[in-house]
Structure formats: C-alpha cells, structure tokens
Protein chains: 2
Amino acid sequence: MKWLIEDVAYLDGVHNTFVERGYMVVKDAIIEDLGAGDSPSYDESYKRISGKNRLLLPGFINTHGHAAMSLLRGYADDLPLHEWLNDVIWPAEELLTADDIEIGTQLAMLEMIETGTTTFTDMYASMDRVAEAVIASGMRAVLGRGIIGLDDPSLDKLKETEAFIRTYEGAGDGRIKTTIAPHAPYTCPPDYLTHVINLAEKVSVPLQIHIAETSKEVADSLSMYNATPVESLYTSGLFQFKVIGAHCVHLTDHDMDLLAQHDVHVAHNPGSNLKLGSGIAPLTKLLQRGIVVGLGTDGAASNNKLDLYEELRLVALLHKGVEQDATAIDAFTALRLATSEGAKALFLESGLGTLTKGAPADFQMIDSSGPRYYPRHNLLSHVVYSSHAGDVTDVFVAGKPLMRNREFLTIDQEKVCYEVGRIVQKFPRYQRVNV
Amino acid sequence: MKWLIEDVAYLDGVHNTFVERGYMVVKDAIIEDLGAGDSPSYDESYKRISGKNRLLLPGFINTHGHAAMSLLRGYADDLPLHEWLNDVIWPAEELLTADDIEIGTQLAMLEMIETGTTTFTDMYASMDRVAEAVIASGMRAVLGRGIIGLDDPSLDKLKETEAFIRTYEGAGDGRIKTTIAPHAPYTCPPDYLTHVINLAEKVSVPLQIHIAETSKEVADSLSMYNATPVESLYTSGLFQFKVIGAHCVHLTDHDMDLLAQHDVHVAHNPGSNLKLGSGIAPLTKLLQRGIVVGLGTDGAASNNKLDLYEELRLVALLHKGVEQDATAIDAFTALRLATSEGAKALFLESGLGTLTKGAPADFQMIDSSGPRYYPRHNLLSHVVYSSHAGDVTDVFVAGKPLMRNREFLTIDQEKVCYEVGRIVQKFPRYQRVNV
C-alpha cells in the first residue's frame, strides 16, 4: 500500500522537533519520504490522507507487558501484592485456556491500537496462539513464553521456548521478534539459569526478565544469595546476552553500574510500579549512566490500562516530584522513552520509533483540534503533558492501517468483547474492595 | 428542563456502588429520582436520554486552579520553579488584559467541561469578567480575586474582593460562590493578613490560600517567623474562618494537627505538585486525621491539563507507590476526592458531588463501550484506573446540558480558540526547551 499524508504537523525524527506543516509518503512498509511544506506530486497509486488538525507521531513502543492479563482488568485492586497474586491473580490464571489467552491478547491489542501503540512486548503462556493473533492483527511484537523455572524440572518450557523461537522469529513479514523469557531471578534460580544460558547460546535472540521489582525481592535475594537480584543475574552469566530487564525499581549504585557495563536495557513501568505499591525506579540515575530505557505498561491487571499516553505523562511528572526537580525527565526525554528509546530497549531495528526516511512506517495520528491543544505554544509539550489517548484517530504498522478515524480494521471489537464476557464467567467472584 | 435518563449504569450516591441498569430523573436543577431497573412512567415533558453503553457519574469538582493560565499552557515547561515564575510566567501575565482573562477562562472551561468537571475553583485577576463567563457557560464555580498582599499597600484588592463578593455571591442561580483569596503566607505577610481577617469578619464566605507548596516556602517561613506556614497562618487567626488550603505538600505532624483541629480543608493537586518539582503531599496522613480533601488541577501552565480523570488516576496510583503500600488510596477513596469530598472541601451544599435524590443535577456520562471497560469485573475500578477523559460524552450542570454527545452547547469553541491564538501573539517567544 502507498500513502501520501498531506497538510500535517509531524514530529521530525532527525531534528526532533515538530514541523508544523508538511507531508509524509509511505510505500509498502517503509517511510519513503517526508518533509516540510507541500509534497512533490505522486501518482494516483498513492492514497491521499489529509492531516489537517492532526499531529503525526511515531507509534508508541510498549516494552513490557502480559497482554492476556487484560482478562483480569479490575478483577481485584488495592490489595497487598502477595494477597493479590496468591489469592486472586494466580487462581484465576489457572483457569485460562489457550483460546482464552488468544482472546485476552486480542482485547489487549484493541486497547493498545486505540491508544497509539504499534509495538508491544509480551511475556505469557500459549505464545504460539499469541503470535498468530499478533500476525493477524497487523501489530509488531516482541514475544516470549514466560518461564517459572521452579515449575519446570524437565525443562519443557525451555524446549517450548526453543520451538517457539524457531517457528516465529521474523514471522509476519518481520513483525514478530522472539525472546527467551525467564520470569525473574526468584522464580528462575541460578541452577535453572544455567539451562536458560545454554539455550541463549544456541539461539541469538534477546532475553526478557523481571528484575528487582519489589524491596521484598531484593531482601530475599540478599538473604538467600548474599547478592542483589542484579548481582545474582550478573554472576549467573546472563548479562553476556542481550537482556531487557523489566521494572528495576530497587537498585544499588553497584547494580546500576553492572547494568550499564553490560548494556542491560530497562523497561520502566511507572504506573504498574505505583499501583502495586512496588515503588519508583531511579530513572534519572539510569539515564545518567547511559542505560537504554523504554516505557512499559505491564499487564492490565496491575495498571489497569495499556495506554502509553498515560505512562508518557506519568514518567514526565513523577520523577520531577520525587526528586523535587522540575527539570528532571523533560518532555522530549519522555517522548523518546515511549518511541525511539523503546525500540532500542527492545533491540529492534534502527529507525523504528522515529519518523525518518527509510524507517518502518509505524505511526499514529492524533486530533489536535480540541481545547487542550491551545494555545499552540509548543506541540511537543502538548503531546506529552496535555494529550490523552482519546485523541488518537489513526494507527498504522508497516504501512498498513490498523485503525482509521477511530475504527478498528483488523480485530473484531464486538466479537472480542463478547467472548471476554463469556470467558470471565468462570472466574470465582472475588469480593470487591469497598464497593 | 426535565430529563429521564434510562437504561444506564449509575454510581449510586447512597450505597456508593454502581447500579448496573437503572434510571435517573432530573427536574429543573435537581435530581428528582433515581433507581434500579425500569423507570416509572413520566409524561412527555421529560426528555428521554438513552444511557445504553454509558456510565452516569457525578460531575467532577476541581478544588484549585487559575483558569486563565490556560493561555500559558506549554509556554515553558521543565524549568526550575523560580526561573519559570520570574522569567516566564509573571512577565507573560503582565501582558494579560481583562478581555484576555475572559477568553482564557473560556478556554479552561471548554477543557473542564470536555473532561467531566462541573464545578471549578478559581483564584485570579479580573474576577468580575471570570464570573460573567462562568454564568454564561452554565458551570458552577467558587471564585476569588487572587491577592498578593505585598503589592497592595492601599488595600485596593481587598476592596475589590469585597465588591466582588457583594455583587456575585450566589449569582447565576446560586452557581457562583465567592471567596477571599489571599495568595499565600509568603505573599500576604502577617500584617496584611490582619486586613484580610477584618474583611473575613464582615463577609461570611470561605477563604482560599496556597499553603506550604514548596520546601523553600517552609524554610523561608521558619527563617522569617520561626514558624511553619501553617503555624504562621494559625497564629494570624485565619483558621477561625472557613479555609481551603491549596497544596499543603510540606507539613509537619504539628501542622497537620492544626489543620485537623481547625477544620481547614485541603485542595490536593498531585499533577501540578509533581510537574513543578514541589513534591508529594502526605495525603494518607491528612485523611487519617479526618481532614477534608478535594482534588485540584492547579492552572494549565503547571499541569498542563485541567483534567480530573488524570488527577483521579494519579491520586490512586501515586500514594501507593510512594508509601510502597498497594492498599493506600483505594479506587473508591480516589473517586470521592474528585466528587463528594471535593464539594465538601469547597464548603458547598450537601449532596453536590453525589447522585442522590434532591441533590443538584450536576452529572456526566461516559462511554463504556471501548476495550478499556472490559471485562466488566468492576465498573468503579474501570472509572478510576482504566478510563480517560476522552470517554466523557455528556455533561450537565444544574439540570442544563453543557455538552451533549461531545458537542459544546454553551461556549463557542471555534471562536475561543481563534481568540486564544490572537492573544498569545503578544507574548515574547520563550526559548523552547529541547525542541
């Protein structure tokens, strides 16, 4: 497909500023050209889109999540973490079939598309079904079969992971990337990690793992191994591979040095870390060390959205307040975390997450006609601080439209929401908190 | 006007739970009836509204702001507070005329209506023009002429305040409430406050004042008066009146005891406090002491939105993370801060901020058909954690529609946005940060 978007304000990926009136040309899966002012003429095979009252941005990159947990959105909130996990989430997850996970993933993708996300990361079960749903949806995704090593004495999940990687790496015209996904140091102890490392040596894909999400995790690690989770992973040899560490909330200076030295990338999930009471990651210190950080939502059971507009604004506000420094994480830095740095954090191809010539044509348009976009002092500031995801009108991945004028084109919303209602009837009714 | 909203899920103000299918009847400015199931029959003078796929909620109450500062949205961000105020905000504000302030207030009201707010609080200049704009808009507001006592040797601003109160208290069929609005202890020193108190004794309206917004304010107060800002205001005698204290970020236990003992109400502005690097107010401690707290946005120059959906979600997340306690500020508490507790914080009439029989008919409807509202585990959770302001479709105040199906009915958006563009041309171009 070929597209010519005209009369649009776009975020230029080279100069990192909004061009207030310009054009972008898409050919097949790639940005063929973009520039200020009127476009050169193109033949009729290029379908024209008016960008009047629209801002054109790269699609957002969600660097951490568990898509099918959308089935547990609002199932239980405001509970202590261990009660929430042990009494509510895990028993409900036990009931999920592969069919359910496919539907839950579709529900999550509807929400992510609706909120301007074009690439997401998943760590969950039934990953072949997830991959098929992603391929059909047109989204881009980084997928890994989540592994609790404590439950895997015969290494079946590692075998499943290897088969998944061999089948799906590069599938969907390159939109699917695979990972090895050991859940966390506390669920994948050092002896299990040696098997993970054996697999990592055979396949050349990145690893994703939760690291130092809670202070309890750190305390337990210190007590068992006399090492922090980061130190323990370093000692295991994991950091010789490409690693995406999710959360990284509770870190020592030595931990951060290790992450920087070994180019471990971090998926920062400010909303989920707040909601679960986990804490607030030391983002400015991570960035000062040159560590690559992307933004993530985590699953919808602990957020309860998959909306990077929310995380974008939150990341730009939260660290200013915590550090009592209004210059911390400025608007531009925040927007990069949701776009180009997110792509880097996931070890994806150069150019993804930017609007530049030759980059993958993954982009969104937002309606800037409402009062929150006035006055026009600074469009970049408005996107970060004044927008919300309801402004998103159009989302394209690899040049293909997934949503046009707020209408989903690749997933049947009505069918998915109906199926979701059917699935959740089997969950035990959890006593609602305060209602 | 009379309305019958049918087939709607509504937040019952007596039982504080969602009734999943019911009706609400509005007669003139009041909620005449509401209940579960089908409505009794009403004659044709009641206009019927289908509430299918809608959630019906009280309108939100914004307890602190400076509406016309919407003209400075995005003018400068991510700067140290004193540079931001002295070099950017105050010089620009010097250029604002009364006409400009009226337009800026209209821009702010467009945004507040669009995001489900029905009552707002304002502290600014040209308050008579603001009041007229509010009356015309149909909104409800608590207004006060902001007073920098240091600039008011002849007490002109207090005289202006008194005239404003005598003219506008109860105007707009009771939708306008007035206040005395000394800006802050550091701009209204003790000798000036004696004049404020003289006025407070003559007129029986509440006061609104910024208190302990930054650690610098507290340090300066300790250095000048050997007392915290709260202690200093207490000593001045201000707390014998009804007081709405905005921010209250940096408080000692003794400060909080004083606020509780004297029933000082607090306007909590989590987004603004984060963005300006001011810090994080001790909300759970305030609530534990029984202090009445409402939510506020502050002005759009320091937020940069006037969107209580954003603050609602933020207040429910932020304190969990800071306290590392997932049970802090549960969803129901957060929603009350944005509604009924907000009304109490502003000393407004009983019932406002709730859907109850006999309460003022100030309400909003939101579209719950999108993926973020599935599964239907808990509608209250979805409103707090999963919604965004783009879901708001309809807003009524005192039984009168201000927005129907996302269309503004009382303010001309196109004209206001055009005028805003014209006004801001006179601002000096501030060097944009990072773009």
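Using N, Cα and C of the backbone, Cβ positions are placed for all residues, glycine too.
The domain 'Amidohydrolase-related' annotation in TrEMBL covers A:56-401. Here TrEMBL flags A:HIS64, A:HIS66, A:HIS210, A:ASP298 as Zn(2+) binding site. TrEMBL lists A:GLU93, A:ARG145, A:HIS183, A:GLU213, A:ASP298 with the feature substrate binding site.
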> From the Cα of A:ASP298 (Zn(2+) binding site) across to the Cα of A:GLU213 (substrate binding site), what is the distance in angstrom?
Replying inline: 12
> Hey, for the Zn(2+) site built from A:HIS64, A:HIS66, A:HIS210, A:ASP298, who else sits with CB inside 8 A of the CB center?
Replying inline: A:GLY65, A:MET123, A:ALA246, A:HIS247, A:ALA267, A:ASN269, A:SER272, A:GLY296, A:GLY299
>> I want to verify one value. Collapsing DSSP to three states, which class is A:GLU93 (substrate binding site)?
In response: helix
> Just counting, how many other CB atoms are there within 10 A of the CB of A:HIS64 (Zn(2+) binding site)?
Replying inline: 29
>> Out of A:GLU93, A:GLU213, A:ASP298, which of these binding-site residues shows the lowest number of other CB atoms within 10 Å of its CB?
In response: A:GLU93
>> According to DSSP, does A:ARG145 (substrate binding site) sit in a helix, a strand, or coil?
In response: strand
> What is the average pLDDT across the domain 'Amidohydrolase-related' (A:56-401)?
Replying inline: 97
>> Helix, strand or coil for A:HIS64 (Zn(2+) binding site)? Use DSSP.
In response: coil
>> At a 10 Å cut-off from the C-beta of A:HIS66 (Zn(2+) binding site), count the other C-beta atoms across all protein chains.
In response: 23
> Which ones in the same chain are close to A:HIS183 (substrate binding site), with CB under 8 Å and 6+ residues apart in sequence?
Replying inline: A:MET123, A:GLY146, A:ILE147, A:ILE148, A:GLY149, A:ILE209, A:HIS210
>> Let me check the 10 A CB neighbour count of A:ARG145 (substrate binding site). How many other CB atoms are there?
In response: 24
> What's the CA-CA gap between A:HIS64 (Zn(2+) binding site) and A:ARG145 (substrate binding site) in angstrom, rounded?
Replying inline: 13
> Just the number: how many Å between the Cα atoms of A:ARG145 (substrate binding site) and A:ASP298 (Zn(2+) binding site)?
Replying inline: 15
> Any idea what the Cα distance is from A:HIS66 (Zn(2+) binding site) over to A:GLU93 (substrate binding site), rounded to a whole Å?
Replying inline: 12
> Once the chains shown are all counted, how many other Cβ atoms turn up within 10 Å of the Cβ of A:HIS210 (Zn(2+) binding site)?
Replying inline: 26
> Greatest CA-CA distance (Å) over the residues A:GLU93, A:ARG145, A:HIS183, A:GLU213, A:ASP298 that the record ties to substrate?
Replying inline: 21
> Expressed to the nearest Å, what is the distance separating A:ASP298 (Zn(2+) binding site) and A:GLU93 (substrate binding site) at their Cα atoms?
Replying inline: 16
